[in-house]
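> What TrEMBL shows for this protein is this:
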DOMAIN    141-212  domain 'PAS'
DOMAIN    217-269  domain 'PAC'
DOMAIN    343-395  domain 'PAC'
DOMAIN    392-462  domain 'PAS'
DOMAIN    520-575  domain 'PAS'
DOMAIN    593-645  domain 'PAC'
DOMAIN    649-865  domain 'Histidine kinase'
């Protein structure tokens, strides 16, 4: 098939061969529908398609790029004949069943007939995906490296060998005592190094970038800052050379090792203690020379404090094993011992394997004749088993005493010796002495036989009985039904019977709660069934869990068919998507839900429904779902339609006589001017102005009826947004002598929308700003691009709007009420019409206002490619 009628077949064959063998993706699309005539192997691979795309339209071949702007760009190139070129453009393509992100440089070049008309578009591209993604990976790796160095407190540096200029990060400058903004040279660095280390460092640096030696740079030395603070630093790095062995860079890292060096210098050796020995008993010993800052300890002590047979640990290393929550307790013990001379504390140590152990430390200070401590020596012992036993006993006693259940202990023959506080209160006892009686006295008389014939035999055979039994109140005699567990207590080793323990739970609250719940559910269902409104509930996963009988009667479907997402089956097919989308969007944001949709009523009629719902939260504050209602608003819709029909008819009927009256008024004005009667002519002018106002109101009413019926037409085209703004403001400035319209317009460029409708919105916002700021003399109009949207704001300094009314100003016929608002003319349609225009152009409109200070009305339009 001939690609273009005015190109001969040889030229076509050559073009086709060149395209097919090209290494980069190339495609040739013909006609306004962009039908693919030629697509080389490279473009097939890039698209993830086969040769079957040839002959299809671009939209048919690549449906996944809908909404990404490429169909519109091709149509633009075909229409205008102007080539289009893009760099690193993002595009999502369906490859192997998955939508994947790619990056391309590409061009759309129009192909023209000899007469200049466009017959096709040549698409060339270069896949940059791997290059872009590689750069992103490198950038992320650099960020991770920087984060790691910062987290470790490591600085890095880089020296230009040729001019001795050194680049430092802030950590390096801190280690060497430089300010953050100070330019540093190599000689400056040498001056910051300790005099005893300076020569050694200088030699190591020169050996590192000596072309012959090329030694690794790895050295530890001291630095001295301007405030004479000495630090030990550890520097590691290397030099980088050119092909002719010339050093160009010398770079590396620096780390503060002062603490490590100081710790190494404080302890030199360990000796076996011969005093305070308790090694045979499993205790570890320590001896601290406070004068020379030396610590000597036994291997057993290290094992006790760390859990491992480690060597070479310093005192500071051992202290690190103290549990973080016990550091303060240990310090308090040392502070007290400094005054008393005796050290004693019990704290937890966290071993290397993560286990926690209780360690008891005892020690004594030795003082010189002046009372200054010179030696601290003592022992450490693992008391974990003892502490855990004490804690377990304390926990059991606490749990028993603070339990919400009755707990008692008794002898093996059933005589009660202990009852916890809950049990005393439950039985009506004022003291433990009153409770010390045989357990048979605790139960109702009718339960004595059960106690002797069932409970005691089972206890003796199984050491445990569990079941329901009824106790009695010792003052009122009230029966107390409950669930009980009785256990025989035996000596662990010999099995000797020691006594028995009993736990009793009062079931009266549970019985009352179950009854109240049943009553509440019955009441709820009675109310919902009697309600004239359809009621519904959902869970936290947006699944319907309940609908009442009204909804079932409306739809004719059984209750279970509405559960989950089944309720959508009752919604008219055309409304399902918007109803579901609105509900899920509100559910996601946990906000008040309101939507309108139609259902097919059981009687066969179409009914309009408004559905509302509020998010629900449990006592813990967690979202638990929605509760809502559905109301039949069919009659309201019919009344609204009748009102709109009336307004439309009335507006049309008024338009013709008003036009005639205006014509007569213009003729009268001309006649009076001709006769020189200016007074009457001016009166006609005022009448003409009122006719214009009436014409504007009629126009607003007509627009409203068009909006309601979906007949408001939009003729989108490309136009210069800044030029439109300037023209509009220039015209509107002539309408007011009091207000100055101040513009703050950033370059916007071309915008694709209905120019006249956008002009209508601008006119409404600016005239409103003038109208509602009678005591001000300025209006500010701003325009800029924010997040790929054109944003326009009109700010006035007038009466403003109260916060509780700002969300209503865009409603039909709404006018703000107040002391002064009734003096301002209008039907309350301008903002409603403006809102609908902006919404239908894909934009947003909103207002920020402070009553008494003024309002700022803004709208935004998406920038289309």
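A Cβ is built for glycine as well, from the same backbone N, Cα and C atoms used for every other residue.
Keep in mind it's a predicted model, so treat the numbers as computed, not measured.
What's the neighbourhood like for each of these?
Across the domain 'PAS' (141-212), the DSSP tally of helix, strand and coil residues reads 39 helix, 14 strand, 19 coil.
Each residue in the domain 'PAC' (217-269) has a pLDDT score, and their mean in this model is 82.
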> For the domain 'PAC' (217-269), jot down how many residues DSSP puts in helix, in strand and in coil.
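Here the numbers are 9 helix, 30 strand, 14 coil.
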> Across the domain 'PAS' (392-462), what are the DSSP residue counts per state (helix, strand, coil)?
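Counts, helix then strand then coil: 44 helix, 12 strand, 15 coil.
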